[in-house]
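Now, the feature entries from Swiss-Prot:
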type	residues	note
BINDING	GLY104, GLU105, PHE106, GLY107, SER108, GLY109, LYS110, SER111	ATP binding site
Amino acid sequence: MVELEDLPSVGEKTAEKLRDAGFADMMRLATATPKELSVKAEIGEGVAEKVIEAARKSEKIDFETAYDVLERRRDVGHISVGSEGFNDLIGGGIETQSITEVFGEFGSGKSQISHELAVTVQLPPEKGGLDGECVFIDTENTFRPERIEQIANGFELDIDEVLQKIHVARAFNSSHQILMAEKINELIQQGNNIKLVIVDSLMAHFRAEYVGRESLAVRQQKLNQHLHALQQIANTYNVAVFITNQVQAKPDSFFGSPTKAIGGHVLGHASTYRIWLKKGLAGKRIARLVDSPHLPEGECVFKIKTEGIVD
């Protein structure tokens, strides 16, 4: 394994700065930008370029064949929920190395699915999990350990052990939210087997802090950087990223849905999978897959019960 000190232009002091800034992993270093590395590690941009170039050579980052991509995708894992219909809709569960977005009005089940995934990621692979831990970035004060207990009971898991493997960060503004996402690298490098990152909800702070058309460009730029950091974590560490999103009304809509997901094209392009949640009759929920690189559009019906998500 190549160590930081083995790279050209990296002495003990530079290596220490890189580790302190969360760049101890060679792939994390290879996928950074010179500006990002320069700012976070407090090194010159010229040095940053040389370090990144050396890291890319050590990781052999170059063109690869479609066959190589297929082989790499064999490492992709899936995190299931208690509804077989929902799992089938998204190809077996929430996918690692990807960002999955669910959006819908309040009470449509976004946070409920988030809580369930925080538990099921801890299941062994043969039961639909990844034997992993979860990071839960809570922006709206919706995380409830009591709900985790109910779902863990439904899966007959040890409640204390389940709670210990969920790392919760209460984000109070968009800058804090971005910082907590960046600190996930440190958690992983400390030996925590993080396999799922949940952001519930992604846009709440951005929506509240950047008001008016004149601030839209700044908001979208900041959001894009945040999503890029989340995707980098997903790719580097084979992690699933699950984000919930709000909707807004379309008053000029006479046909189709009267609501749409917020976040604009930046979020639309960043999300690998997009799932629209709707309320149905008799307490049912409807999940519709509206965007995927390889799965067809479709929908399923599920219910939310004390023990979690069920068909």
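Placed from the backbone N, Cα and C atoms, the Cβ positions cover glycine too.
The Cβ of SER108 (ATP binding site) has 22 other Cβ atoms within 10 Å, all protein chains considered. Of all Cβ atoms in the protein chains displayed, 9 besides its own lie within 10 Å of the Cβ of PHE106 (ATP binding site). Apart from GLY104, GLU105, PHE106, GLY107, SER108, GLY109, LYS110, SER111, the ATP site neighbourhood in this chain, defined by C-beta within 8 angstroms of the site C-beta centre, holds GLN112, LEU277, LYS279. Annotation note: LYS110 (ATP binding site) sits in a helical segment as assigned by DSSP. According to its DSSP assignment, GLU105 (ATP binding site) is coil. Non-local neighbourhood of GLY104 (ATP binding site): LYS110, VAL247, TRP276, LEU277, LYS278, each in the same chain, at least six residues away, with C-beta under 8 Å from its C-beta. Candidate binding-site residues: GLU105, GLY109, LYS110. Fewest other C-beta atoms within 10 angstroms, GLU105. Counting only residues at least six positions away in the same chain, the Cβ atoms of THR142, ASP200, THR244 sit under 8 Å from the Cβ of SER111 (ATP binding site). On its own chain, GLY107 (ATP binding site) has LYS279 as residues at least 6 apart in sequence with a Cβ closer than 8 Å to its own Cβ.
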